[in-house]
Amino acid sequence: MVNFSSVPYRNNVDSTPQSCFSLDINFDAAGYLYFTNIATAVVNSVFSLTAVLGNFLIILAYQRTPSLHCPANTLLCCLALSDFTVGLVAQPSFVAHKIGEIQHNLNVYCATRIITETSGYITCGVSILTLTAISIERYLAVYLHLRYNEIVTNFRALVIVGALWSTLGLVAGSRFLIKDGKKFNAITVPILFSSLVVTVWAYSRIYKQVKRHHRSIQDQESSVKIPGIAKYKKSTVTMAYILGLFVLSNAPFLGVVIAHRCQGYTNSVKMAYIYVSTLVFMCSSVNPIIYCWRITEIRRAVVKVVKATLCLQQQIQNTTDNSILSKAL
């Protein structure tokens, strides 16, 4: 998410600019964005629940299934944790922020905006860097061959996950120390851009290597296949789907940033910013569907978790009913 806080904004009641830390306050005087605020608040309320539920199931399935504890799935679980945080923190605070704006409540507006933008920075940054880490992991899997399991371990993947969250937390916190939004963007944008470049490079190398393997098999005119190549291709394509969804959802955001730089923070630019932010948040509800659709092991683990939860709920209900019945007798 890009910092729009450098744009001055005035309250419709008081012409004196008000500020929330380093963020300028903007209450829409004409009610131009009233419908937009209501609509996006409702949408984020619904998708907050689906993001929390879907990603919680993915995380729980990973935690309860030892066979899923490999570097690729650990990084994917990091993505799920980022999306879970979006549903648990970013979207509810976005809804509260819109309510505060509609009611012209400065305290609610300020507190929830800080939470929304900070959590947005962290989760968006974690997602981008995790996608880069996944692309590198996929690249190493095809290039290291037998040395892969020795070099790329689950413990190292967990260390990377912890480092990503810690680093992005510090970066997001530094935003309130670096009050100039342009300076903050000058630090973060090159990092994120470099991350995307590395991701594209890794997938291009993977594509060439897999294509070379496929051509080698055809040249041999043999039915013998490279062990695990089909599973590798499927998992890599799955990660490419997730990357594609992320890029497609964030591309409109980039357009809004360009419009902001060219036109200023007009009402139409603010409206577009609200809608594209909602679109980015909604992806957190779509990703768990892709995991279950494309990755058989995760789908089976999620189904197992759901069945176990339903059975436990039924047992609790039966115990409660029996207790009530015995008291009645």
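Positions of Cβ are set from backbone N, Cα and C atoms, glycine also.
What TrEMBL lists as transmembrane segment is 32-62 (among others). Listed as Cβ neighbours of the transmembrane segment (32-62) (distance under 8 Å, sequence separation of 6 or more from its ends, same chain) are residues 68-69, 73-74, 76-77, 80-81, 83-84, 86-88, 91-92, 94-95, 98-99, 101-102, 267, 270-271, 274-275, 277-278, 281-282, 284-285, 287-289, 291-292, 298, 301-302, 304-306.
Marked as domain 'G-protein coupled receptors family 1 profile' by TrEMBL: 54-291.
Per TrEMBL, transmembrane segment is recorded for 74-94 (among others).
Annotation source TrEMBL lists transmembrane segment at 114-136 (among others).
Beyond the ends of the transmembrane segment (157-178), by six or more residues, the same chain brings 3, 21-22, 71, 74-75, 77-78, 117-118, 121-122, 125-126, 129-130, 133, 137, 184, 187-188 to within a C-beta distance below 8 angstroms of the stretch. Annotated transmembrane segment per TrEMBL: 157-178 (among others), in sequence order.
With a threshold of 8 Å between CB atoms, the same-chain residues lying at least 6 positions outside the transmembrane segment (184-203) that come near it are 2-3, 121, 125, 128-129, 131-132, 135-136, 138-139, 171, 174-175, 178, 236, 240, 243. What TrEMBL lists as transmembrane segment is 184-203 (among others).
The transmembrane segment annotation in TrEMBL covers 240-260 (among others). Note on the transmembrane segment (240-260): residues 1-2, 4, 7, 79, 124, 127-128, 131, 135, 199, 203, 269, 272-273, 276-277, 279-280, 282-283, 286-287, 290, 294 of its chain, located 6 or more positions outside it, place their CB under 8 angstroms from a CB of the stretch.
For the transmembrane segment (272-293), the residues of the chain that approach it from at least six positions outside its boundaries are 1, 4, 33, 36-37, 40, 43-44, 47, 50-51, 54-55, 57-58, 76, 79-80, 82-84, 86-87, 90-91, 94, 120, 123-124, 238, 241-242, 245-246, 249-250, 252-253, 255-256, 259-260, 299, 302, judged by C-beta separation under 8 angstroms. Taken from TrEMBL, the feature transmembrane segment covers 272-293 (among others).
Tertiary proximity for the transmembrane segment (74-94) is limited to same-chain residues at least six positions away from its ends with a CB under 8 Å from its CB atoms, namely 40-41, 44-45, 47-52, 54-56, 58-59, 62, 112, 115-116, 119-120, 122-123, 126-127, 130-131, 133-134, 137, 154, 157-158, 160-161, 164, 239, 242, 277-278, 281, 283-285, 287-288, 291, 298. On the 0 to 100 pLDDT scale, the domain 'G-protein coupled receptors family 1 profile' (54-291) averages 86 in the predicted structure.
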